[in-house]
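*Asks:* Handing you a structure now.
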């Protein structure tokens with residue numbers, strides 16, 4: 001009896017782990033990978049753009065136009081991500097969570113072909129289009145993967161499983177940095193292969209994910225297929241007693257009965273969703289405006305000023321990505337013990353501390369040269385603090401705070417917000433750096449303080465609670481003086497969750 005129970009638990013863990021890996025390798029891994037892999041071939045792509053233009057017109061491009069072309073190549077990635085985020089909700093409802101992730105690989109395959117043949121075709125436009133397509137892929141996967149994993153995991157593991165999205169993002173960043181080394185694909189001849197290498201994780205997902213189950217919640221609540229839901233639960237949980245979880249799913253289904261899927265703009269119109277939407281917007285904005293991405297941009301110059309040899313700076317940069325990966329793994333392990341609020345408050349508070357020391361160190365570098373080493377240590381500490389909480393916990397808010405009917409629209413809003421903020425920070429950071437000099441992190445510190453305060457005052461804890469329990473608690477917070485049932489339920493009975 002005990003042997004059979006242990007065997008069932010092992011099968012459950014194995015299927016869930018395979019689901020996490022299959023969704024992650026072609027999901028948020030691609031986001032991190034394509035975010036970092038573009039850094040290594042910067043000079044080579046700029047030279048290729050100039051040579052291509054000269055071959056067409058007989059004249060080289062002026063330096064400012066070469067920089068403009070490069071800026072377009074870089075900025076088309078978040079623009080594609082915005083399109084992907086807006087596409088994710090309709091895909092998740094129409095095709096389901098798993099099929100959406102599989103179909104999403106069409107963009108990666110197309111982009112890899114464009115990258116691989118861009119130099120032979122003598123077309124930098126192919127690189128631009130490829131960057132737009134991998135951005136669309138990242139936008140879709142960043143929204144659907146946490147939704148798929150959060151709906152497939154048992155409640156006692158939901159936070160840890162959803163946090164795996166942050167692990168794969170950090171892993172993608174590190175792998176992009178490693179593969180982009182000069183000794184591997186970061187050389188002047190191999191850069192088309194470097195950009196096209198995103199095809200490999202996409203192929204791994206296409207080979208593995210079809211063998212794994214769809215989200216049980218989607219099958220029951222959206223499709224109304226009880227048998228398929230039960231079959232998916234058996235594969236994910238083993239042959240144990242599923243009556244309790246199935247009853248919980250039926251309760252959530254009954255609560256959503258007669259409701260259609262929310263449209264993104266409707267989230268802002270309903271008082272019943274006020275706390276959820278405010279938390280999503282405030283904390284989603286804080287994650288992108290806290291300055292972590294800017295730390296990566298500023299790291300090279302700090303390492304250079306600290307005396308790190310030019311040839312070794314690329315390895316120091318890999319160290320920064322490894323810090324985020326390490327803390328993402330640690331957060332995944334402890335999130336179900338300490339909760340979401342503690343990780344967010346602790347992460348933002350530590351980021352405020354290290355960012356303040358970083359600012360002081362930069363201001364004193366002319367008087368005390370050793371403060372450059374302190375600034376370098378603060379870069380690693382800042383990234384570690386970001387990985388502890390904001391990096392992963394923020395991504396699961398849309399999954400946990402919204403019910404099945406509002407979740408796809410919430411993911412669309414969260415994704416669109418993230419990509420818009422990423423674009424604005426990338427566009428504005430050089431000007432902030434020039435205007436504020438050593439005080440460039442002061443605005444980001446204000447964001448970190450606001451993130452910690454908002455979490456402490458307004459974000460409810462969701463650790464160990466079912467989706468239905470979370471919905472009921474949020475309803476009480478949104479309507480503190482009312483005792484009746486949720487006001488967002490409609491008498492209209494329809495058979496579709498079409499956006």
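Quick reminder: no glycine exception, Cβ is built from N, Cα and C everywhere.
Pulled these features from TrEMBL for this protein:
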type	residues	note
DOMAIN	20-463	domain 'Major facilitator superfamily (MFS) profile'
TRANSMEM	15-33	transmembrane segment
TRANSMEM	67-89	transmembrane segment
TRANSMEM	101-118	transmembrane segment
TRANSMEM	124-145	transmembrane segment
TRANSMEM	157-179	transmembrane segment
TRANSMEM	313-335	transmembrane segment
TRANSMEM	342-364	transmembrane segment
TRANSMEM	370-397	transmembrane segment
TRANSMEM	409-433	transmembrane segment
TRANSMEM	439-459	transmembrane segment
*Asks:* For the transmembrane segment (370-397), find every same-chain residue at least 6 residues outside the stretch whose CB is under 8 Å from a CB in it, and list them.
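*Replies:* Residues packing against the transmembrane segment (370-397) from afar: 142, 146, 150, 159, 162-163, 165-167, 169-170, 279-280, 283-284, 286-287, 290-292, 295, 298-299, 302-303, 305-307, 319-320, 323-328, 330-332, 335, 340, 343-348, 350-351, 353-355, 357-358, 360-362, 364, 414, 451.
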*Asks:* Can at least 3 Cβ pairs under 8 A be found between the transmembrane segment (124-145) and the transmembrane segment (15-33), with each pair 6 or more apart in sequence?
*Replies:* yes
*Asks:* Is it true that the transmembrane segment (15-33) and the transmembrane segment (157-179) have 3 or more Cβ pairs under 8 Å, skipping pairs fewer than 6 apart in sequence?
*Replies:* yes
*Asks:* Do any residues, 6 or more residues outside the transmembrane segment (157-179), come within under 8 Å Cβ-to-Cβ of it, and if so which ones?
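*Replies:* Result: 16, 20, 24-25, 27-37, 39-40, 142, 145-146, 149-150, 185-186, 194, 197, 201, 314, 317-318, 321-322, 324-325, 328-329, 331-333, 335-336, 340, 387, 391-393, 395-396, 399-400, 462-463.
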*Asks:* Mind checking which residues reach the transmembrane segment (409-433)? Cβ under 8 Å, same chain, six or more beyond either end.
*Replies:* 74-75, 78-79, 81-82, 84-86, 88-89, 92, 135, 139, 142-144, 146-147, 261-264, 266-267, 276-277, 280-281, 284-285, 287-289, 293-294, 297-298, 397-399, 401-402, 440, 443, 499
